[in-house]
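Each remark here refers to the structure printed beneath this line.
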Amino acid sequence: MKFTRREFMKAQAAASAAAVAGIALPATASNLIASQDLTKIKWEKAPCRFCGTGCSVLVGTQHGRVVATQGDPESPVNKGLNCVKGYFLSKIMYGKDRLTTPLLRMTEGVYDKNGQFEPVSWDAAFDIMADKFKDALKKKGPTAVGMFGSGQWTLWEGYAASKLMKAGFRTNNLDPNARHCMASAVGGFMRTFGIDEPMGCYDDLENADVFVLWGSNMAEMHPILWSRLADRRLSNPDVSVHVLSTYTHRSFELADNGMIFTPQSDLAILNFIANYIIQNDAVDKDFIEKHTNFRKGVTDIGYGLRPTDPLQKAAENPDSGASSPITFEEFAEYVSEFDVDYAVKMSGVPAEKLIELAKVYADPAKKVVSYWTMGFNQHTRGVWANNLMYNVHLLTGKISKPGSGPFSLTGQPSACGTAREVGTFSHRLPADLVVANPKHRAIAEKLWKLPEGTIEPKPGYHAVLQNRMLKDSKLNAYWVMCNNNVQAGANINEEIIPGYRNPENFIVVSDPYPTVTAQMGDLILPTAMWVEKEGAYGNAERRTQFWHQQVKAPEGAKSDLWQLVEFSKRFKIEEVWTEDLIAKMPEVRGETLFDVLYKNGQVDAFGLDEVADERLNDEARDFGFYIQKGLFEEYASFGRGHGHDLAPFDQYHEARGLRWPVVNGKETLWRFREGYDPYVEKGSEVQFYGHPDKKAVIFALPYEPPAESPDQEYDLWLSTGRVLEHWHSGSMTRRVPELYKAFPDAVVFMHPDDATARGVRRGDEIVLASRRGELTSRVETRGRNRPPRGLVFMPWFDAKQLVNKITLDATDPLSKQTDYKKCAVKITKKV
């Protein structure tokens, strides 16, 4: 057997990566050492299907199946390394219960909301689905139809969905599951900088002197980035790591300064740091004078609950993001009350640890990167937390340069690309445009070749509101794609399941597997997965990555893109648009939504001659044109020249991703900084060009308590989250035998003293209950997650233990993002 040098290097890289990750390469994921000529395995690149890190993998296919995956040595993100989930990617598409035909609830051959699922053809599925959507539109108008999408959609799936809903059905009732994970990050960016997404990149990991983790367990949730951080820390004795969390987890193993704080008190800690910087004359005065403004935000803004909820009714300024200008001196006075004594009182963190943390931010010689994920974003004041984090970096000028900056890490593979950049939120359009702005609507209508007034100006129902409107019978035809919200959404007993089973509603769920959500629906559509279709994701560092279709989906399964576009053929313009709108563009009369949205001379501009004969591309060949390229190029036209520039389509198939803005073929590593960002004018040093005056905003915002806290009856905090072995609801990872065996069932992590006080011990069955529901689980008092007294942690991957029966559907009133990290529970021993 002969090896080329390239093949040998790949084998070495794979072996080294596995050793670092602490696992042996499984046989199904370790084919490099076999000659490709003998095994006939074909290798191609694709971004990983799981988290927002955006690792690149090499996918090995043979006889029409994915048989192996390995880390891509040419990837600048993961450099050949994969986490344990990535090593088993080859198995996620081959679960025994993979769906291959549409399933409709029926009794005696007729649709019945209370019937059993029975197979139907795609035509029959689309027939009844179209009837239900048309009926809802006719009876109640566009607000009666909606869609819940995903940060796991490809770019063109999200873009096609946005056009179908916002331009076709003329409803803004489209929201992604990224509402649950990244909406507060979006709100924070837009308030402070006027433009979304991080200014830094992963290169900061090799440049920083100090890493601070806020509500982020990178060791398990972003393990490849953690490996790069660990390498930097362990090879440089002067580098330090600070970790803040409400419980101890694996990231604390590397922490030089670990801090456990009382839930919600991160707001007080951040204001303390700002005060410390000012009191110790560590403010970069030249920077803030040139590049920032100061504003004071309104307070007492509520908790995103139903308007009838007593907490919401009591709010003085419910849902308000208003603010007013103040001076630096007024800001300094505002944060002066947040001294170390106050921060200690609120957080429970010892003073010396807080001061040690504040000193690294204040030290002008230290380059600091702050990372956060769901601990900040899933927070009833998540936007504020993001704003306060930016305050610290702006006050010190530690921003938008190598090794210094705030960095919001992303949870899903394309929450940045598809949810945020494409604009699949209920209030957004591509490239940071919003539906409420008439100029923005006009831009979209022009690019989409639509008559003026097509796009509705009022934001649609966001994720949590969609559930409430389903329950209240105001949203009646509903399509769920690429997510598992009945398992993932908060307060499912009271606010989600009733809406799905409401007899007035028709629920469609597109999924590869019979998830909890699929089983609650009325029609299930079998979906193609990952490399069974051509796709593109955008990761947390603004890196856009493409992949080709590499295998065919099981017969009968169709991609989300195919479903969206094919479904559009069922609607004549007269069935969805008003007569006055059609009168503005009479030539569309008699045409279908497919004709107007996807065969508009732009989306269908690239022919099948651009798809190589040897390439699989089921959607392009079904529709007769290179639809992915057409959708991408039309979408990219929104951002080019406006700070969101994307490279030409074909370039991404060659590259290992490019970080936007991409101008003149060059990607941007650090935004807003002269010399790195092409949009920053020469001689200006820094320009936060999202705002008209090109300045960022430093906000004066207070500490405010959570929506629910422990009391005498419900005496414990509950925090939910993930574990290394499983991703989100586990609908893919729990079908991989090796990952399932590694962590088969969810458990409730709790402090041993709390367990003893309740008469339970490790392994005992317990009942975990809140005011909203209860479940049975088992106690874990050891292991990777070690809560302090008074708090328990439970992961949500286990469909047998739906922890979101217990959680509260309170949200950040500005971002509408759910707070999964704080509610009150009690634990009793199961008898």
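All positions are counted from 1 along the displayed chain.
From the backbone N, Cα and C atoms, a Cβ is placed for every residue, glycine too.
Positions annotated as [4Fe-4S] cluster binding site by Swiss-Prot: Cys48, Cys51, Cys55, Cys83. Of all Cβ atoms in the protein chains displayed, 30 besides its own lie within 10 Å of the Cβ of Cys55 ([4Fe-4S] cluster binding site).
According to its DSSP assignment, Lys85 (Mo-bis(molybdopterin guanine dinucleotide) binding site) is helical. Residues or ranges marked as Mo-bis(molybdopterin guanine dinucleotide) binding site by Swiss-Prot: Lys85, Gln152, Asn177, Cys181, 214-221, 245-249, 264-266, Met374, Gln378, Asn484, 510-511, Lys533, Asp560, 720-729, Asn804, Lys821.
Long-range Cβ proximity for Trp796 (substrate binding site), meaning a same-chain Cβ under 8 A and a gap of 6 or more residues, is found for Gln487, Ala488, Thr720, Gly721, Arg722, His728, Ser729, Ala746, Val803, Asn804, Tyr820. For Trp796, the entry in Swiss-Prot reads substrate binding site, with the evidence type sequence analysis.
Residues annotated as domain '4Fe-4S Mo/W bis-MGD-type' in Swiss-Prot, with sequence analysis given as evidence: 41-97. Averaged across the domain '4Fe-4S Mo/W bis-MGD-type' (41-97), pLDDT in this predicted model comes to 97.
What Swiss-Prot records for 1-29 is signal peptide.
Thr248 (Mo-bis(molybdopterin guanine dinucleotide) binding site) falls within a strand segment according to DSSP. Comparing Cα positions, Cys51 ([4Fe-4S] cluster binding site) lies closest to Val723 out of the binding-site residues Gly215, Lys533, Val723. Other C-beta atoms found within 10 angstroms of the C-beta of Met374 (Mo-bis(molybdopterin guanine dinucleotide) binding site) number 26, with every protein chain shown included. Proximity of Gly215 (Mo-bis(molybdopterin guanine dinucleotide) binding site) to non-local residues of its own chain (separation of 6 or more, Cβ distance below 8 Å) is seen for Leu244, Ser245, Thr246, Asp266, Trp372, Thr373, Met374, Gly375, Phe376, Asn377, His379, Lys821, given in sequence order. For the [4Fe-4S] cluster site, the Cβ centre of Cys48, Cys51, Cys55, Cys83 serves as reference, and the other residues of the chain with Cβ at most 8 Å from it are Phe50, Thr53, Gly54, Asn78, Asn82, Lys85, Gly86, Pro223, Ile224. Distance noted between the C-alpha atoms of Val723 (Mo-bis(molybdopterin guanine dinucleotide) binding site) and Cys83 ([4Fe-4S] cluster binding site) is 12 Å.
Neighbours of Glu220 (Mo-bis(molybdopterin guanine dinucleotide) binding site) among the binding-site residues Cys48, Cys55, Cys83, defined as a Cα within 10 Å of its Cα, are Cys83. For the pair Lys85 (Mo-bis(molybdopterin guanine dinucleotide) binding site) and Cys55 ([4Fe-4S] cluster binding site), the Cα-Cα distance reads 11 Å. Here the domain '4Fe-4S Mo/W bis-MGD-type' (41-97) is broken down by DSSP into helix, strand and coil counts: 7 helix, 20 strand, 30 coil.
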